[in-house]
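Novice: Just lifted these from TrEMBL, have a look:
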| type | residues | note |
| --- | --- | --- |
| BINDING | GLY12, GLY13, SER14, GLY15, SER16, GLY17, LYS18, THR19 | ATP binding site |
| DOMAIN | 7-192 | domain 'Phosphoribulokinase/uridine kinase' |
Amino acid sequence: MSKKPIIIGVTGGSGSGKTSVSNKILKHFGNMNVMLLQQDYYYKDQSHLTFEERLNTNYDHPLAFDTELFYQHINDLLEGKSIEKPVYDYAKHTRSDEVVIEHSREVIIIEGILILEDKRLRDLMDIKVYVDTDDDIRLARRIQRDVIERGRSVESVIEQYVNVVKPMFHQFIEPTKRYADIIVPEGGYNQVAIDLLTTKIGTIIGLEK
Ligand SMILES: Nc1ncnc2c1ncn2[C@@H]1O[C@H](COP(=O)(O)OP(=O)(O)O)[C@@H](O)[C@H]1O
Ligand SMILES: Nc1ccn([C@@H]2O[C@H](COP(=O)(O)O)[C@@H](O)[C@H]2O)c(=O)n1
């Protein structure tokens, strides 16, 4: 790989459709050209805390993330180096012992709730996308997902949403909308927005005219 990779940032509240948008872009270009780096992998390691203590962590605050390591890994990928990507376990609220070796690609999609909150991260991005979905729809999606995929009860998801996720969204995430180049309503099902994004990315990397 000779050319410097391009970085696409995809953000928005929890359940907005960030992962769906990112996966559509990934699918369009294929794994050979594009990689996805989720900010969630970079939640701080909490293996030194008890499970009860981990339940009290605010996972929607910028300090919950190991931003130094995230920033370092993005820079390594930009230099064409491989990284040892951490693996996160949502059921245990900490990193697993595994890491995954990831090689750099032409296009790197950085996806997460607080990627536009940090200026150093913002400055690395060539295109910044904010996925904009109403709070009630995001809550409904989150209940479904967290119960099925993240080992949570309906009661715990609602309690966490009301006390932490919603206030943190309005304090830290929604204000980053102003840094976005593109605002996508309705996330991964907005085919017009996905087509515009893939065309633009294709032009930058020279795959499409
Ligand atoms: N536009 C949409 N309409 C209906 N369901 C959607 C839409 N976008 C995403 N979803 C669903 O909502 C859930 C959360 O979407 P996801 O992309 O994981 O959000 P995020 O990464 O922002 O948390 C998933 O189950 C996904 O299939
Ligand atoms: N142990 C954890 C870690 C994170 N969360 C929640 O995940 C949300 C971010 O992920 P999305 O895929 O929904 O963007 C964030 O709102 C955290 O509350 C968690 O519940 N437990």
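Note: Cβ is positioned from N, Cα and C throughout, glycine not excepted.
Surface or core, plus neighbours and distances: that's what I need for these features.
Specialist: Around GLY13 (ATP binding site), a 10 Å sphere centred on its CB holds 26 further CB atoms from the protein chains shown. Classification of GLY13 (ATP binding site) by DSSP places it in coil, neither helical nor stranded.
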Novice: Including all protein chains shown, what's the count of other C-beta atoms within 10 A of the C-beta of GLY15 (ATP binding site)?
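Specialist: A count of 24.
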Novice: Taking only the binding-site residues GLY12, GLY13, SER16, which have a CB closer than 6 angstroms to any atom that belongs to ligand 2?
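Specialist: Qualifying residues: none.
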Novice: Would you count the other C-beta atoms found within 10 angstroms of the C-beta of LYS18 (ATP binding site) for me?
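Specialist: Around LYS18 (ATP binding site), other Cβ atoms within 10 Å: 28.
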